[in-house]
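Novice: Questions regarding the structure given below will be posed in turn.
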Amino acid sequence: MKVFLSSDMEGTAGVVDWSQCLAPQPEYQYYRGLLQDEVNAAIDGAMAGGATEVLVNDSHSTMQNLRPDALHGRARYLSGRHKPMYMMQGLDPSFDAVFFVSYHGSMASEASTLSHTYNPRAIARVRLNGIEVGESGINMLVALGHGVPVVLVTGDDTTAEEAARISPAIVPAVVKHSVSRFAAESLHPEEAKALIEDAARRAMEGVGSAALPQITLPATLEVLFLTGDMAEMATWINGVQRVDARTVTMSDDDPIRLFRTFITTVLLTRAIVE
Ligand SMILES: [Zn+2]
């Protein structure tokens, strides 16, 4: 039983500010430890539920937030920048389950701690087949493409709700309740770890009957940018259509190719963010 674990950081219990999750801010060293503990709790639960192999793909910021020697379960660690499949790098059809750990809500959500959708200075909202999604929903395109179910999401309440829009049976571990984009009521870290471990174990027990992400193909992503310039720039990519001043769409019958087109718009428009 192989588990692919994509770890972000904004969804960790206690995290409410960018200064807590970006190096070299002094607070970061403390909060990265909390993230490590939550990732390990998910690994422990996976192992208790029958997993034999775990690959952790570090997906936050420059993607080097964890200590390899402190990872439980002898997990392999995929880290570092410029990964072509970004938060889903390393997933292939040999895996049995996908975990999203310490994920956060979308830029367009009502309240979610440190909410954003890939780039908060470029992307205001993303819809997948008309459904408002965050990074969880977008990343599920890759899971669908490889035929692997996404069975666990950890983070705040908004994140859990958004993930369930595309994978309704996903097991949530809600470790904090977001009050605003920069405020949350969090479980004690020990409680958060226990909750995540239990949810991960239950998620593994359901893997055999878990459904793939519910995305009808061909699928369409609609992306609202912050400025018209960004939407114009996105149309330089083959297949990206501009529908109004700040909105583009892209459609594909191959979900992985659609994800790659989206990631290319993210990386391209990064050139003109302020
Ligand atoms: Zn992040």
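Positions of Cβ are set from backbone N, Cα and C atoms, glycine also.
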Novice: TrEMBL has ASP8, HIS60, HIS104 down as binding Zn(2+) 2; which of GLU135, GLU161, GLU185, GLU190 does it also list for that site?
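Specialist: Checking GLU135, GLU161, GLU185, GLU190 against TrEMBL: the Zn(2+) 2 site match is GLU135.
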Novice: So which recorded positions out of GLU10, HIS60, HIS116, GLU135 are up against ligand 1, CB under 6 A?
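Specialist: Among GLU10, HIS60, HIS116, GLU135, near ligand 1: GLU10, HIS60.
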Novice: Pick out which of the recorded positions HIS60, HIS104, HIS116 has the most other Cβ atoms within 10 Å of its own Cβ.
Specialist: HIS104
Novice: From the Cα of GLU10 (Zn(2+) 1 binding site) across to the Cα of HIS60 (Zn(2+) 2 binding site), what is the distance in angstrom?
Specialist: 8
Novice: I want the residues beyond ASP8, HIS60, HIS104, GLU135 whose C-beta is within 8 angstroms of the mean position of the Zn(2+) 2 site's C-beta atoms, in chain order.
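Specialist: Surrounding the site, in chain order, are MET9, GLU10, GLY11, SER59, MET87, SER102, TYR103, GLY155.
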Novice: So how many other Cβ atoms are close to ASP8 (Zn(2+) 2 binding site), meaning within 10 Å of its Cβ?
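Specialist: Taking all protein chains shown, ASP8 (Zn(2+) 2 binding site) has 27 Cβ neighbours within 10 Å.
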Novice: Helix, strand or coil for GLU10 (Zn(2+) 1 binding site)? Use DSSP.
Specialist: coil
